[in-house]
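Let me begin by presenting the structure, written as structure tokens, before commenting on it.
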Amino acid sequence: MDEDFDIPAAADMNDDLDFPDETVALKVGEEKEIGNQGLKKKLLKEGEGWVTPENGDEVEVHYTGTLLDGTQFDSSRDRGTPFKFTLGQGQVIKGWDLGIKTMKKSEKALFTIPPDLAYGESGSPPTIPPSATLQFDVELLSWTSVKDICKDGGIFKKILTEGQKWENPKDLDEVLVNFEAKLEDGTLVAKADGVEFTVRDGYFCPALAKAVKTMKLGEKALLTVKPQYGFGEKGKPASSNEGAVPPNASLDITLELVSWKTVSEVTPDKKVIKKILKEGEGYEKPNDGTVVKVKLVGKLGDGKIFLKKGYGDGEEPFEFKTDEEQVIDGLDKAVATNLCKENTIFMLAVKFIEHDSSFSEEEKKQAKALKVACNLNDAACKLKLKLYKEAEKLCTKVLELESSNVKALYRRAQAYIQLADLDLAEVDIKKALEIDPNNRDVKLEYKTLKEKVKEYNKKDAKFYGNMFAKMNK
């Protein structure tokens, strides 16, 4: 509205009044009262969809204001410029804050606003007489959603680009975002594209994780962040690629949710975690006893591949029957959650049961057995990948739990041999043979050890022989 006329909250009105938030169902030409304060709404034109703006949203309207006798006192249409304001913040008279919350996009309505919801007994001279009832022909052009996402004024989110679908990322999900952070004076603090992080772990400052959980795929938003969700009282020093944030500084962060991978817990004990890389088809999942065909790649934590099925030229997919103990239990449970052609990553690791202090005695026994099995399997993979030092450490973990575990002694001996720690290898092999004298694999490894000892003895003899020959010369 123009400079000499605005629709501010009337000075003599009670700011503590609280009006109901209601959507009024009307037919074109029908009029109803909104709330119980005398505000009336007459529908002039149907709006689009079913969504209405909320407190905090930035709305854009066209309007014409008249007295009851038809005298026009203001019109945005005459000026040719829509009027913008923030809904529910006392920037306009109470009747507007209450009425426009009931409107849909492109809707046109006539509001009859009593004095108590307009300018009261004093009016707004010379244009609005005292105790005047006003009428506004309002068209809701659009609005930008602005939400207090933590309900404490710490983060306000203004949607710049609407997202797709309806889902939001959860704590375990991995999101991919673009963001730009500035101080209130416009100073750029940080900017990055294609940043990936787990929602629960967060990134840059607490506001990003809080906000991204409220966003849809492809959504772009402007966050107004107070210090408690930024860097607080301490602020943040400058780094090689980020600027400094002063103590108690607010931030303006533009955040775009590019994509995310859904991560869920397959088993209640969190031993099997599932990450969806590509959505599947349909809705049916394998039942117990179903024959499934899968392409399978097994990787260690560092990305090294130890198993690959169905990916070679002409190689058939890996086939097995679920719930028949044909594969490890974790894979059985994991595949049972997949849709057809779904592409996923499953993580089954000993880390999920490393901290067992709260377990019952029976649970501790089960956890110990699982730790032993996982670490032995991991050690076997490390040996195949020639990561001998890592294999040795994993076998040592097993032997700390079970000092007489023959497989752990055998595989640690293999690692020691490759690391040229032949004395230590011999200790492990002899102990393994004491426990299981007829173990064929251990006997063969003992033979390998003896050959290695002979080989090293020959090298040592040749080395010292050459050295003494040089000394005699």
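Easy rule for this one: first residue shown is 1, then count along the chain.
Positions of Cβ are set from backbone N, Cα and C atoms, glycine also.
Predicted automatically and left uncurated, TrEMBL annotations should be read as such.
Taken from TrEMBL, the feature domain 'PPIase FKBP-type' applies to 56-144, 172-261, 289-335. For 406-439, the entry in TrEMBL reads repeat 'TPR'.
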For the repeat 'TPR' (406-439), sequence-distant contacts whose Cβ falls under 8 Å of one of its Cβ atoms, 6 or more beyond its ends: 372, 376, 379-380, 382-383, 386, 388-389, 391-392, 395-396, 398-399, 445-446, 448-449, 452-453, 456
Confidence summary (mean pLDDT) of the domain 'PPIase FKBP-type' (289-335): 74
Residues of the repeat 'TPR' (406-439) by DSSP state, where helix covers H, G and I: 27 helix, 0 strand, 7 coil
Per-state residue totals over the domain 'PPIase FKBP-type' (172-261) - DSSP helix, strand, coil: 10 helix, 43 strand, 37 coil
Counts by DSSP class (helix H/G/I, strand E/B, coil) across the domain 'PPIase FKBP-type' (56-144): 14 helix, 38 strand, 37 coil
